[in-house]
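Taken straight from TrEMBL:
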| type | residues | note |
| --- | --- | --- |
| TRANSMEM | 12-36 | transmembrane segment |
| DOMAIN | 15-448 | domain 'Major facilitator superfamily (MFS) profile' |
| TRANSMEM | 56-74 | transmembrane segment |
| TRANSMEM | 86-106 | transmembrane segment |
| TRANSMEM | 112-135 | transmembrane segment |
| TRANSMEM | 147-165 | transmembrane segment |
| TRANSMEM | 171-192 | transmembrane segment |
| COILED | 205-232 | coiled coil |
| TRANSMEM | 256-279 | transmembrane segment |
| TRANSMEM | 291-313 | transmembrane segment |
| TRANSMEM | 320-344 | transmembrane segment |
| TRANSMEM | 356-381 | transmembrane segment |
| TRANSMEM | 393-413 | transmembrane segment |
| TRANSMEM | 425-444 | transmembrane segment |
| COMPBIAS | 500-514 | compositional bias 'Basic and acidic residues' |
| COMPBIAS | 531-540 | compositional bias 'Acidic residues' |
Amino acid sequence: MWKHIMKNPHKVLPQLLAAGIGSWGFFCTGTVRGWSSPGIPSLNTTKTFDIDATEMAWIAAMPPLCALAGALLVGYPMQRYGRRTALIGLSLPFFLGFLLMGFTNLAQHKAILFIGRLLSGLMNGAATPASQIYISECASPRIRGTLSSFTASALALGILVAYIIGAFVDWWVLAFILSMFPLLLFTGMIFMPETPVWLISHNREDDARKALQRLRGKRTDIEAEFQRLKENQAKNSQQQEIQPRELMKGSVLKPLGISMGIMFFQQFTGINAMIFYTVSIFKSAGTTLDGRYATIIIGFVQLIATAGSGFLVDRFGRRFLLLSSAAIVSCALAAMGSFFYMQAQWGPALATETLGWLPLLSLIVFFIAYSGGYANVPFILMGEMFPARYRSILGPLSSSFNLCCTFTVVRSFPLMQISMEKYGAFWFFMCCTLVGIVFVYLLLPETKGKTLDDIEKLFSVKYNADGTLKITEVQPDNYSNGKTASIASSGIVMNAPSRESFHKQKGKQDDKATVENGNGFSPVPLNPIVDSEDEDEDDGSLVPAPV
C-alpha cells in the first residue's frame with residue numbers, strides 16, 4: 001500500500017506533512033476525550049475542594065455538549081480567514097482550557113475546572129471540521145482518502161496518550177501535560193500553507209499558485225490543476241451570496257442528510273459508551289483486570305486498527321469499509337449483550353466462570369471493527385461530499401450533529417442499563433448498527449478516486465449517476481417534416497449526425513465548434529479536457545469549487 005501511495009514521493013511527501021500537522025487538531029480532541037477516563041476517578045479520590053457526583057458527571061459530559069457550539073462557530077472564521085488561520089486560532093483556547101483545568105488544584109475552586117472544560121469542549125468541536133476540510137482541500141484525489149484518515153488515527157492516538165499518562169499521574173498533572181499538545185498544533189500550522197481552494201476564492205492567485213506548488217512538489221507541473229481551480233472559482237463567483245433557501249436544494253440536502261445519517265449510526269454503535277464506561281463495563285462483567293490497564297489495552301487496539309484502516313480507504317472504497325465494519329460491530333455487540341443476558345439468567349458467578357473471556361474478546365473485536373471503518377470514513381465523507389460553495393456551512397452542521405449524538409449516548413447509557421438491562425442496551429446498539437447497514441447500502445454512493453467536482457455531480461439533478469450531463473429531451477420540429485429535431489429549452493436545431501453539420505474549428509487561442517441552429521451556425525467554445533488522474537503527470541488534481 002505504501003508503494004501505491006509513494007509512487008511519486010516528491011509529490012506525496014508535502015501532502016503527507018500537511019495532513020500530519022493538520023490532523024493534530026484531532027489529536028488534541030482525543031486528549032480532551034481521553035482525559036475523562038483516568039481524570040474523573042483520580043479527581044474523585046484526590047479532590048481537595050467541594051464537588052458532588054452530579055457535578056462530576058457534568059465535567060465528564062461537558063466537552064461533547066460544548067463542542068456542539070464550537071463546531072457551528074468555526075464556520076465563519078474558516079470562510080472569512082481561512083482553514084489554516086482557524087486552526088492556528090483555536091489552538092490557543094485549547095491550551096488555555098487545559099491550563100485552567102490544571103490550575104484548579106491550586107486555586108481550589110471548581111468553577112475554574114468548569115471553565116477549562118468549557119473552553120476545551122468548544123475547541124473540541126471547532127477542530128473537527130477545520131482539520132478535516134483543511135486536509136481534504138490540500139490532498140490530491142489519488143491519496144485523499146488515505147490522508148483524510150489521518151484524523152481518525154490522530155484522534156485514537158490522542159485518547160491513548162491521555163490513557164497512558166493518566167494511569168501514572170493525578171488529574172491536574174495530566175491536564176498540565178496535555179496543555180502542551182495544542183502548542184504543537186499552533187507551531188506546526190504557522191509553517192503550513194493555506195489551502196489553494198480558499199486562496200483562489202479570495203482572489204489571491206499568486207499565493208494560491210505558491211501553495212499548490214508547495215503541496216504538489218517543486219518539480220510538479222501544476223498549471224492544469226491551477227487553471228481548473230480558477231475555472232471553478234469563476235463559475236462560483238458569478239453566484240450571489242449564499243441565501244438560506246439555497247440550503248434546501250436537493251443537491252445540498254442529499255449529501256447533508258447522508259452525512260448526518262452516517263454520523264448518527266457511527267455514534268449509535270455505542271462507541272463513546274464503550275470509551276467512557278470501559279472500567280464499569282469490565283467491573284459489571286466480573287473481570288479482575290484493572291480498569292486503567294483495560295483502557296490502555298483498548299486504546300492500543302483502537303489506534304492500531306484505525307491506522308491500518310487508513311491504508312484500505314482508497315483501495316476498497318468507503319462503502320465496503322462501512323458495510324464490513326458495521327456487520328462485525330453488530331456481531332460484537334450481540335455477543336456482549338448475550339453475555340449480560342446469560343449473567344442475568346445464570347447469575348454472575350456462573351456466567352463469569354463459563355463465559356468470562358467473552359466481554360474482553362467482544363470489546364477487542366468491537367474496537368478493531370469500528371476502527372476499520374466507522375472511525376474515519378464518516379469524517380472523510382464529510383470533507384468530500386459537501387458542495388464546495390456550502391462546505392464551510394455543512395461541515396460544522398454535520399460535526400455538531402455528530403457531537404449531539406455523542407452527548408446523547410454518553411448521558412443516556414447509564415439510564416439505558418437500568419431501564420432495559422445491560423443486555424438490552426447492547427442489543428439496542430446492535431439494532432441501530434444493523435439499520436445503518438441498510439442505510440449505507442441504499443443511499444451512500446462510492447466516492448473512491450473521484451475529484452471533489454465529480455462528487456458534487458453525483459448529487460446534482462443536472463448530472464446522471466455516472467457524472468455525465470443529462471441531455472434535454474429532443475422533439476421533432478414541425479416545420480422541418482421530422483428531418484431535424486429541436487431542443488425545446490434552447491431552440492437549437494440539430495440535423496442527423498454528419499461532418500458538415502458539426503465540425504471543429506481550430507483557432508490560435510481556443511478550440512471551437514459550430515452547431516447549426518434554425519438561423520445559421522453558432523460558435524461554441526471547447527475547453528481542453530485534462531485527465532485529473534494521470535498518475536505520471538498530474539496524479540493529484542483536486543477540482544473543488546471554493547467557498
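Placement of Cβ uses the backbone N, Cα and C atoms for every residue, glycine included.
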For the transmembrane segment (291-313), could you work out the same-chain residues 6 or more beyond its ends whose Cβ comes under 8 Å from its Cβ atoms?
1-2, 5, 34, 37-38, 41, 145-146, 148-150, 152-153, 155-157, 159-160, 163-164, 166-167, 274-275, 278-279, 282-283, 321, 360, 363-364, 367-373, 375-377, 380, 448
Positions whose Cβ lies under 8 angstroms from the transmembrane segment (256-279), at least six residues beyond its ends:
33, 36-37, 41, 60, 64, 159, 291-292, 294-295, 298, 322, 326, 329, 333, 363, 366-367, 370, 374-375, 377-378, 381-382, 385-386, 394, 397-398, 401-402, 405-406, 408-410, 413-414, 425-426, 429, 432-433, 435-436, 439-440, 443-444
Same-chain residues at least 6 beyond the ends of the transmembrane segment (356-381) whose Cβ lies under 8 Å from its Cβ atoms:
128, 132, 136, 144-145, 148-149, 151-153, 155-156, 258-259, 262-263, 265-266, 269, 271, 274, 278, 281-282, 285-287, 289, 294, 297-298, 301-306, 308-310, 312-313, 318, 321-326, 328-329, 331-333, 335-336, 338-339, 402, 444, 447
Other parts of the chain folded back onto the transmembrane segment (147-165), taken as Cβ under 8 Å at six or more residues beyond its ends:
15-16, 19-20, 22-35, 37-38, 131-132, 135-136, 138-139, 174, 177-178, 181, 275, 292, 295-296, 299-300, 302-303, 306-307, 309-310, 313, 371, 375-377, 379-380, 383-384
With the transmembrane segment (56-74) as the reference, find which of 12-36, 86-106, 171-192, 425-444 contributes the most Cβ pairs under 8 Å.
12-36
Short question: most Cβ pairs under 8 Å with the transmembrane segment (12-36), which of 86-106, 171-192, 425-444?
171-192
Spell out yes or no: are there three or more C-beta pairs under 8 angstroms between the transmembrane segment (171-192) and the transmembrane segment (425-444), with each pair 6 or more apart in sequence?
no
